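Taken from Swiss-Prot, the feature carboxy-S-adenosyl-L-methionine binding site applies to Lys61, Trp75, Lys80, Gly100, Asp122, Pro123, Ser124, Val149, Glu150, Tyr169, Arg284.
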Amino acid sequence: MQENLLEKQFLNHPLYAKIQELKALNLACNFSLDDSVNLSTNSQAKDEILTITKKLKPWRKGPFKIDDLFIDTEWQSFIKFNILKPFMGEISQKCVADIGCNNGYYMFKMLEFNPAKLIGFDPSIKYRLQFELINALAKTPIKYELLGVEDLPNYGLKFDVIFCLGVIYHRSDPIKMLKDLKAGLNKNGVVFLDTMYIEDEREIALVPNKTYSKIPNIYFVPSISALKNWCERAGFKEFEVLATKKTDENEQRKTEWIDSFSLENFLDPKDKNLTIEGYEAPKRVYIRIKI
């Protein structure tokens, strides 16, 4: 029911019609990848593309380059992708899901590793529209579902590899989320997950009072030991830490493509090792878990 409602709202969105008009032009496009997703069309639709992209702000994940238009997104998402890139060989000829896929940046980047199938899940109309704009030009076989992680167990297709990046701390029941990820896997499937974490040897999690780094929907920020316990309780047998990284103002910053504040405004101005609330500043752990 929720999916049908979101799909209806998406299809009735005025920008969807504009994107379909652009798609109908069937513009020749050279699609290439480096740190940004690059689309070269040399078309006469540049003004229309600029208008649509501006109306689709904020652009969080990226960057994207469409001809001479550079969408300088809030996150330099290639930094996260490059952390995971040494492990991307595991998606070759595999059925892959990206849970919380935002506008599809990571999925576009994954194409160079030749997955057999690539499906993104995110119940956000705005992010789906951003994806549809890029894909109207790129013409990739990526599929985008207006669904959340809770829809995985009954989706009807199981995955060899699932990416779930920057989602778990937004969930009020992280173990349930991990169980949903497990239910979406094929036998011998693998999950790549990242989360903010706290430095502590104990099996504990930070439960922010109202906000964490000015973000209201952060429920739990675990220690790595606590995260491992969550994964084991959800039924995962293998837990491997791939990397850790502190989030800095090079990776996340305010640009003209967002109309709100960013990391520099979320940290204590006197001590960048603390959030504005006095918690540890954001840092992330990247893990690979298997059943």
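Heads up, the Cβ atoms here are built off N, Cα and C, so glycines get one too.
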Between Lys61, Lys80, Arg284, which of the binding-site residues has its C-beta surrounded by the fewest other C-beta atoms within 10 Å?
Arg284
Would you mind ranking the binding-site residues Asp122, Glu150 by how many other Cβ atoms sit within 10 Å of each Cβ and giving me the lowest?
Glu150
